[in-house]
Amino acid sequence: MRPEQKNFCGGAKGRRKGISVHIVLVEPEIPANTGNISRTCAITGTSLHLVKPLGFSVDDKHLKRAGLDYWKYLDVHYHDSFPELKNKFPGHRFFFATTKAEKVYSEMQFGPEDFLVFGKETAGLPKELLKENWDHCLRIPMGVQLRSLNLSNSVAIILYEALRQQGFPNLT
């Protein structure tokens with residue numbers, strides 16, 4: 001375990017077997033959002049993948065506070081780049097959340113071990129990444145007046161749809 005991972009969580013002590021979905025945050029910027037997402041991942045038994053650079057220290061008090069005492073249950077992985085992450089999981093499907101997508105998240109068919117990928121709060125995912133993966137891009141319906149939902153809310157909405165489609169595996 002890397003030192004930064006040790007500081008960020010106590011390991012996946014209570015991790016459920018048979019992880020059904022992976023959450024990927026590409027260059028997250030706001031520690032409280034990542035903390036909230038970490039808590040959601042811990043409580044659902046979902047793996048969290050953080051793609052560097054991170055816009056905060058893993059020792060940030062806002063990050064730790066948002067995750068409460070759930071850190072020991074979190075299965076977290078760090079990656080230096082998105083291609084590095086994708087190469088570690090050949091054969092897995094990746095879905096990309098963006099406000100620019102045509103398909104709504106509820107139209108997608110999610111399966112075990114799928115990866116749900118979210119971009120940084122201020123800019124979203126890189127255009128090249130979206131262009132290369134357009135058939136797997138999805139969006140959450142919303143009013144046109146504002147730019148986007150909060151990142152942690154978006155993760156929760158799409159994650160719970162993926163879990164619902166799988167019968168909420170390992171959840172009661």
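Placed from the backbone N, Cα and C atoms, the Cβ positions cover glycine too.
From the candidate list ILE140, ILE157, the residue TrEMBL records in the S-adenosyl-L-methionine site shared with GLY119, SER148 is ILE140. Taking Cβ-Cβ distances under 8 Å and a sequence separation of 6 or more, the neighbours of GLY119 (S-adenosyl-L-methionine binding site) in its chain are VAL26, GLU27, ALA97, THR98, LEU125, PRO126. DSSP places the residues of the domain 'tRNA/rRNA methyltransferase SpoU type' (21-160) in helix, strand and coil in these numbers: 52 helix, 30 strand, 58 coil.
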